[in-house]
Each structure stands twice: as structure tokens, then as C-alpha cells.
């Protein structure tokens, strides 16, 4: 039962690549209007720049450098709008006023309109309705250079119907928006899975860190995408989302890799992770105090994060080659791919300019990484559960060995005491016979009877032996003794288990007998006096050992797969261990209820020649 439940849990990651691709395809189809041609949108690229009392033509996009803070400049263009047309205006850390024919229709970023922690207004985009003019009109943008940087980034203005503008924006940015939403959704799913698995095994933290990584990358891309500003009109929030997501995604990523690959807790990677945490806290604190904006701290992370990913990739490569770690070899490729695309993203931002869509290269790298990492994560969790099950089995065997030693000590003490009693009785035998003879001569039958009864009570009771096998007998003796302490008087065992058990080890037989008796004692706990009973028998015929046991139980919870819910804290492995040992030796196990009776039956092959082919 528990094995099936666990297998379902760690098989979930194998569904992520397919789910990811389906969601991505659905998002792309929803955002990219490939079934009809794009509606016409006019891109206003040719403007007249007014700066310092001079005017000159300028083509957008472009930038102006080496400007003092809050330098005033204007962009002027002549437009011929149609009814229902809108303007799409983007400002980057600059206060802006939009006028048509000297009439103000929009302003953003004036002092007092944004939180004081920002030296400049955060990046913003806006769709603005154009007033009816009926003739060509003059569009003028009045801007001021940022206070925190000496460069003004100027972007073209789009003009057209709202649907046409949105359609064009979706055709260019729809992938990023859908990608970010899918990452956020997958991150939430991974966190929910983590909370379920962590209760069973700490390997579930791998899902937690992978989910947090997915959420932070999704937050970064969502905050950076211009489309988001149209639907979430909160520039300060999107500013913080974009930069804090960008700065911090490396932390859960490193935690995930270090957990899965079992890197040392104290080492260069752990130190690097702490440095990243400190840098994130420092960047946030500097922004909140208004000292250094996140946009300036970004340059530090543009160096630190690619170096971190490259260092991590090198560390994994070394472990894969020198340590011959199979999991590290599987992880090397996705990590190196992500590091490569991160470097390409930085190069594209500063030099290459192969695409105007920021973070596109990194999004591709994350896509490849998550698909490959989810598969690796499934294997990691599977191995962790198998290791945990094996650990519990070994712990139980150690417990049984302790019980065996305890029983052997008790048996040795009893034998020693019995031997001393026999020696004493032999020494007193002449005196006892004299007393008996005296009572017989005098005809005092009552005293003779009482004296004989007293002497019989001093005769040592022979030790109970349940089977020939010493180890199994010790385990059975321990649990029968425990049953007596619980007040279970109807406890009968008749076991036919020889000393020579063939290919089956004594410890594995002890696991079966011990688990059966332990479960029976647990089922009888708290029952009314006289009701509990435990009857166990075994038979060995033709190399096949069959064990059956019937015991009283108060209540059990059956499960749909035929198993029973464990009452032990953290879930039990008793029935699972019994079935695993039986199947290992070509046998099986069956557990069922009949009224207030719990029935267990187990069989396995002791003869190696009769063992199930291929069993390990």
C-alpha cells in the first residue's frame, strides 16, 4: 500500500515536461494570433528632439548619454490619428508629460506621485486615448532625464486601435508573459507537492527549492514584461518584482542542486550561497533607504550570477568525473546549458543585441533546465524513499537483534538459576527422602501430601521453545513475553522453522515473525479483558515455509488498493517489509479481515533451488 502511494508521488515529476510543454503551447496559441493578419499599427520612430534650446531630428529607439539629472528635453512629431486610435507610450525612469496640440493628456512621474524610496519613477507603459482632432496634430513628449543615471532610454510610440496595439504587443511579448505565468503555476504546484512529500521524507525539499526557483524566475519575467504593466498598473510593484526576482532566483537554484547532489554543507558553494543572500538583503536595504536603486545594483548581479552558475557547473563537472557520481553526470548538462544561456543573456544585454526581447535567452535556458531537472528530481526522490525504506528495515532488524540478545540473556539467567536449584535439590535429596519415609511410617498422609506439593513447587519449570531456529525462537519468546505483560493470555505459537534456512537469512525470517507479532500486539492494545488472542502456526513442506496467524483487532482502516492504514507515527513499514521479503524469495503475503479477526498468511521458498528466478 505505502509502496504504491510512494511510487505515485515520485512519478509526478515525470509528468512535468509534458505538462510544461502543453501549458506553454496553450499559452502561445492564446497569445499569438496566427489565424488572422495583424491589424495596422503605426510606429512613430521619426521625431524632433529639443534639448538645450536646440532642435535636431532623431530616430527611435535610441538613447541620450551624459545628461545631468533632471535635464528637460522634448520629442515632437506630427500625427494623423483616426477615430478610436490610442497611443502606446513607454517611459524608462523618466518623468513624462504627453501633449497633443499643446493640450496635456497624460503625465507620469512627477514628484510625489511615486514612493520616496525611488529616486526616479519606475518604468511604465500606458495606452492613451487620442482626443478627436479632425486634422493632423502635433504630439509632444516632455521628459526629464533620470536622477540616478546619466542616460535616457527613448522608445518608439505606437499608434493604432487598442486591439491592434495589444495584438502587436502580444506577438512580440506573448511568449514571455505566458512563460512567466506557467512558471508561477508550476512553482506553486511544486511547492504543494513538496509540502506533501516533506512529511514522508526530507527529499521533498528538492521540490520546494525547485518550486521556489520557478516562482522567482516567473516573478522576474512577469515584472519585466511590458505587457504586464497594461494589466497590472502598479509600476513600483512590478519594479520590485522584476529586480528581486532577478537577484534572488540563484539562491533556491543553488540550494536545489546542493541538496540533490549532496554537496558538503560547509564549502565554497555554501559560502557563495550566503554571499548571494547577503547581497540580496543589502540591495533591498539600499533601495528601501533610497541610497542605491535596484537598477544600479543590477550590474553587480550581472557579474555575480553568471559566475555563480559557472562555478556550480564546474563543481558538478568535477564531481561527475572524479567522483564518478551518476547523478552529477546527469545534472552536468542542464546546469551547463543554463549557465551558457545566462552568459548569452548578459552579452545580449550589453553588446550583442541579437533580440530586443530582454531575458529571452535565459527563458530558453530555464525551459530546458526545468524539463531535465524535473526528470532528475523524480529519480532523486525515488532513490531517497528507497533508501529510507531500507534504513527502516535495517533499524528494525537491529531492534530484533537487541530483542534476541535480551531474550538470550534471560534464558541464560534462567538456566543458571535452574542449575543452582537442581544442585540444591540434589544436596537436600537425602533429607527429603528421610522426611517422606517418616511421614509414611507414621501414616500421616495429609502431611505427606502437603510436603510433596511444596517440593513440586520448587521444581524448575522447563523453558518454552517455539522452534528449532534460535534467532526466530528468541524473537518469538520476546513478543510472547510482551503479550503476557499486556494481559493477553491466549497467545499460542507453533512454529516449524529449522536451524538451516537455506538461502533465506535468519534476520529476514525474524523480520517476518517479528512484524507479524508486533502488529498483532498493536491490534490487541486497549481491547476488553478476555477478548485478545494471537494464534500463529507455520509449516515447512517441500522447501516452502508457510506462516499463518490469526489475531483479534479492534479496528483497521482498509484502503482502496487492498492495504491497511498504519496506526504508527510517520506510517508503518511492517506489512510492506513482510511482503518484500516474501516476494524476494518467490513467495507472497496476504492480509484480510473477518469480523474481529485479522488474518495473515505468508509463504516463501527456503530451498535455493526453488527460489523465484531473477529475484534479488
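Yeah, the Cβs are placed from backbone N, Cα and C, and that goes for glycine too.
When TrEMBL is compared with the stretches 130-150, 151-171, 298-318, 382-402, the one noted as transmembrane segment is 298-318. TrEMBL assigns the feature transmembrane segment to residues 273-292, out of the candidate ranges 93-112, 273-292, 413-432, 433-452. TrEMBL lists transmembrane segment for one of the ranges 46-69, 238-261, namely 238-261. Range annotated as transmembrane segment by TrEMBL, chosen from 207-232, 467-492: 207-232.
Simply put, out of 177-200, 238-261, 330-352, 330-352 has the most Cβ pairs sitting under 8 Å from the transmembrane segment (298-318).
In this model, the domain 'Sensor histidine kinase NatK-like C-terminal' (508-603) carries an average pLDDT of 80. The transmembrane segment (273-292) makes contact with the transmembrane segment (238-261), as judged by at least three Cβ pairs under 8 Å among residues 6 or more apart in sequence. Long-range Cβ contacts of the transmembrane segment (238-261) within its own chain (Cβ-Cβ under 8 Å, at least 6 residues beyond either end) map to 118, 122-123, 205-206, 209-210, 212-213, 216-224, 228-229, 232, 269-270, 272-273, 276-277, 279-280, 283-284, 287, 294-295, 297-298, 301, 305, 308-309, 312, 316, 319, 325, 327-328, 331, 335, 373, 376-377, 380. For the transmembrane segment (207-232), same-chain residues at least 6 beyond its ends with a Cβ under 8 Å from one of its own Cβ atoms are 13, 90, 123-127, 166, 169-170, 173-174, 176-177, 179-184, 186-191, 193-195, 197-198, 238-246, 248-249, 252-253, 255-256, 259, 358-359, 362-363, 366, 370, 373-374, 377, 381.
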